[in-house]
Amino acid sequence: MARFKKYTPPAKKQFSGAESHKSKTPPAKPRFSGTESHKSKTPPAKPQYSGTESRKPNTPPAKPKFYAAERSALYARREAANVLRTVLRGDAERRAVASIKSLVFSPSVRNKRGTFALVCETLKHLNVIKDVLEIANVLNSKWKKQEPLVYIICYDILFGKDTPSIGDAEKFLMRRKDALLSSLATLLVRKKVESVDQLIGLSQPNGDFKPRYVRVNTLKIDVDSAVKELEKHYTVKKDETVPDLLVLPPGSDLHAHPLLTNGRIFLQGKASSMAAAALQPEAGWEVLDACSAPGNKTVHLAALMEGQGKIIACELNEERVKRLEHTIKLSGATNIEVCHGDFLGLNPKDTSFAKVRAILLDPSCSGSGTITDRLDHLLPSHSAVKLNYDSIRLHKLAVFQKKALAHALSFPQVERVVYSTCSIDQIENEDVVSSVLPLASSLGFKLATPFPQWQRRGLPVFAGSEHLFRMDPVEDKEGFFIALFVKENKLDTPKSSELPQRVCRRRHKQRSIRFHPFICPKMFRALGGI
Ligand SMILES: C[S@@+](CC[C@H](N)C(=O)[O-])C[C@H]1O[C@@H](n2cnc3c(N)ncnc32)[C@H](O)[C@@H]1O
């Protein structure tokens, strides 16, 4: 059994003013509270931690809070070191391990945000840290065996906001802080550079990181107001291709920005923002998002439809349904119906879908275009890294993708279908599209050209592949693929001829469909004999 449920929009007040996760933060004295996670929050006031430790005997009893924050930082460093150890070991053996993100999001890691930031920053500085350690020559054999932890602590000592003060490894390295700092100075001189950023640039020649893309949620704020707000702290440009997308400098840290925490903007990559834009749903349409969690494209569709009409967001995975619901809630969209089940199990002939005019199909894929997002480019062997998806897995994905695309095309009133993947593999892209072309043609569909000004088109493996849209992981810093099918009798409408000029990898484990207590009855019927 699977579950269908009507998404109930949240009470408005949840989005107003100081909201969402912020409201959970204890309002008073948040900076040193015992629950503090060391990296993700404002760093504690340095003077309390400074090497001289000049706390007077009559200092008020701040100790427990001080120790809680320090302990939290200590645990975060251990958690980060464990993740780093796994990643570096896999990388050294050229063995596919889970991505940094998936390691950090495993249940055993408590301080996920802090750990993720610490691992990424340490990896980014890793070559510099290694060089500094070599010049300083401070490690004895005991600490050489604990290199990942040493790297993490060195990052904190040399570049981090906090100065570690508890923990054996921390104390060992803090006693050698002067040697580490003077080795860093020596390294800058040797490499003839003035800043650590230049050093990092030298050690990562391809490390010109991706800009930070921000999609404005036009359901809550208009683009110009968002630009004005963000410009207070960042250099902001409007993207040339997607109108509601803004481009900020690489590494812009927005995680605590009020526009983000209250859902007025979403951190959404350029490629991901192009799928909904390619579909171009009109306000008032009914649209089906076939594989929707975590819902970035779903809420983008809602914004493009100006909150009007209806979106049915289908998702198979129960855990991911929760993320989808969270995204919807954050976006403020009130026209999205969540459908927990298998897209392939939906009956296209059911009256529930009689008015569906557009389908976005962004199915599970290998994610081979998202190497940069997986942060593999930070690994020492990044130039040699190839995502080693075995051909059996790719084949299985392609089988599902073909079925899902054929299914999408079979909804009777559908006139526009976008098929997108964050894969660069032909088997998941051009091959899937070409396999459904006879069916598409028999149903009156033609391939249309999303973003006609865009240079990179499909691989020339069948006639018509020039309509397909590709982004390249090197040139465009992420790999992505879009195919747009439009019903032939709709091709002349202004919408389709004036197409805009302008990340997932999950196995589908269950096929059964379960119903939620508050299933929408129409949806129940839609499942046909299930
Ligand atoms: C690439 S992700 C979608 C990302 C999403 N479009 C976004 O932009 O946020 C693919 C999703 O499809 C879901 N999925 C896989 N097989 C499915 C199926 N048969 N029916 C519905 N959803 C499915 C996966 O659980 C996963 O959440």
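Cβ atoms here come from the backbone N, Cα and C positions, even for glycine.
Note that this is a predicted model, so its numbers are computed, not measured.
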- Out of Glu315, Glu318, Glu325, which does TrEMBL tie to the same S-adenosyl-L-methionine site as Cys291, Ser292, Ala293, Pro294, Gly295, Asn296, Lys297, Asp342, Asp362? Glu315
- Item | Conformational class of Lys297 (S-adenosyl-L-methionine binding site) under the three-state DSSP mapping | helix
- Quick one: of the recorded positions Cys291, Ala293, Cys422, flag those whose CB is under 6 Å from ligand 1, and say none if nothing qualifies. Cys291, Ala293
- Message: Which secondary structure state does DSSP assign to Cys422 (active site, nucleophile), in the simple three-class scheme?
- Response: coil
- Would you count the other CB atoms within 10 A of the CB of Gly295 (S-adenosyl-L-methionine binding site), including those on all shown protein chains? 28
- Proximal but sequence-remote residues of the same chain as Lys297 (S-adenosyl-L-methionine binding site) (Cβ under 8 Å, at least 6 apart): Ser272, Ala275, Ala276, Asp289, Leu360, Asp362
